[in-house]
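Q: Among the features that Swiss-Prot reports, compositional bias 'Polar residues' is placed at 298-319, 327-344. Swiss-Prot lists Cys36-Cys81, Cys65-Cys94, Cys98-Cys145, Cys129-Cys158, Cys163-Cys204, Cys190-Cys220, Cys225-Cys267, Cys253-Cys284 with the feature disulfide bond. According to Swiss-Prot, the feature domain 'Sushi 1' maps to 35-96, an assignment based on sequence analysis. What Swiss-Prot records for 161-222 is domain 'Sushi 3'. What Swiss-Prot lists as domain 'Sushi 4' is 223-286. The N-linked glycosylation site annotation in Swiss-Prot covers Asn187, Asn262 and is backed by sequence analysis. Among the features that Swiss-Prot reports, GPI-anchor amidated glycine is placed at Gly362. Annotated region 'Disordered' per Swiss-Prot: 273-362, in sequence order.
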Amino acid sequence: MIRGRAPRTRPSPPPPLLPLLSLSLLLLSPTVRGDCGPPPDIPNARPILGRHSKFAEQSKVAYSCNNGFKQVPDKSNIVVCLENGQWSSHETFCEKSCVAPERLSFASLKKEYLNMNFFPVGTIVEYECRPGFRKQPPLPGKATCLEDLVWSPVAQFCKKKSCPNPKDLDNGHINIPTGILFGSEINFSCNPGYRLVGVSSTFCSVTGNTVDWDDEFPVCTEIHCPEPPKINNGIMRGESDSYTYSQVVTYSCDKGFILVGNASIYCTVSKSDVGQWSSPPPRCIEKSKVPTKKPTINVPSTGTPSTPQKPTTESVPNPGDQPTPQKPSTVKVSATQHVPVTKTTVRHPIRTSTDKGEPNTGGDRYIYGHTCLITLTVLHVMLSLIGYLT
């Protein structure tokens, strides 16, 4: 029996090589990428480059506006380096603009203008009164950006509100130096003999939608002195339940005693607003215990006598008479003792005659004259010598 041979199967042909080769070449070949050159010029702006001169793909460069220009809202200030080596498209984003509107002491911008930073020519902004101010209807609260990029002036269309008129301060005074409008300050003080309890000043400030004084007004309370001290051997007049400023009490002593010190003292106020008496109370001392002062006599060494002495008169003998010599008396005088100086008046006999030359028969006539004053200095020396010799 002859067996039949199985037919041989041919292997399947390999896949086409060209498409695979093409794909391999695409995967293995490097990608061609281009660098961007300097960023483009954009009107009214300048790029922020740093140290870079070439920029790789996807690099970004930002711009800032030149002086006098502002970035237009919602416009980008950035360009991007694309894969083709070109910069992304751009448009002018810097335009002329006024600076931010002026801040006013009496008004502020309305809310819709607070976040704006671009104000081209012709832009109008509106203000509203600040707290503490109220609007004056005839005046507008607007400003316009002018051609020369400055804002038109804004009239003072708001005026200050007024605080309530302060009432009188009992036993005190309210000083109002600048009025009672918003922002003003008033000061408080008390009359002598009263103490200020509370604030010494307050301001007119905003309270809700109106204005009012910051603090509650103070009060002036009367200052009292402590009870005056009593004294021994004496009494006090003017006692009361309380003692206020300038009130007086008077002391007197019992019989047989003498008052030493101020008879009256009064209630006064210290720098710290504390009541105190003007001085300590007096004392009463027994008369027998009061020291007596012995009189003192001052004897000056020089000077003229205080009481003139009566002149001494003696007769001068007629010519030819011999005076009887007198024994000098000795006087002891200390150098510091005051010795009165006497005046000596000598009577000189003068014989008078008639016009016919007749002699005087009626005795001698005497006249006062030739008064001799011995100076104190000479007398002092003489007396000292006499005392020394004896």
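Just so you know, glycine gets a Cβ as well, placed from its N, Cα and C.
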Q: Report the same-chain neighbours of Cys220 (disulfide bond): residues 6+ apart in sequence with Cβ closer than 8 Å to its Cβ, ordered by sequence.
A: Leu169, Asp170, Asn171, Gly172, Cys190, Asn191, Tyr194, Arg195, Leu196, Val197
Q: I'd like to know the mean pLDDT over the domain 'Sushi 1' (35-96).
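A: Averaged over the domain 'Sushi 1' (35-96), per-residue pLDDT gives 87.
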Q: Find the one among the disulfide-bonded residues Cys81, Cys94, Cys145, Cys284 whose C-alpha lies closest to that of Cys267 (disulfide bond).
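A: Closest by Cα distance to Cys267 (disulfide bond) among the disulfide-bonded residues Cys81, Cys94, Cys145, Cys284: Cys284.
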Q: Helix, strand or coil by DSSP: which one applies to Asn262 (N-linked glycosylation site)?
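A: DSSP call for Asn262 (N-linked glycosylation site): coil, neither helix nor strand.
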Q: Specify the count of other C-beta atoms within 10 Å of the C-beta of Cys81 (disulfide bond).
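A: Looking across every protein chain shown, the total is 22.
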Q: Which of these recorded positions is closest to Cys225 (disulfide bond) if you go by CA atoms: Cys129, Asn262, Cys284?
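A: It is Asn262, whose Cα lies nearest.
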Q: With DSSP as the reference, give the number of residues of the domain 'Sushi 3' (161-222) in helix, strand and coil.
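A: Secondary-structure composition of the domain 'Sushi 3' (161-222): 0 helix, 31 strand, 31 coil.
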Q: For the C-alpha pair, I'd like the distance in angstrom between Cys94 (disulfide bond) and Cys145 (disulfide bond), rounded off.
A: 17
Q: Could you state the whole-number distance in Å separating the C-alpha atoms of Cys65 (disulfide bond) and Cys98 (disulfide bond)?
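A: Between the Cα atoms of Cys65 (disulfide bond) and Cys98 (disulfide bond), the distance comes to 13 Å.
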Q: Any idea what the Cα distance is from Asn187 (N-linked glycosylation site) over to Cys163 (disulfide bond), rounded to a whole Å?
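A: Per the Cα atoms, Asn187 (N-linked glycosylation site) and Cys163 (disulfide bond) stand 15 Å apart.
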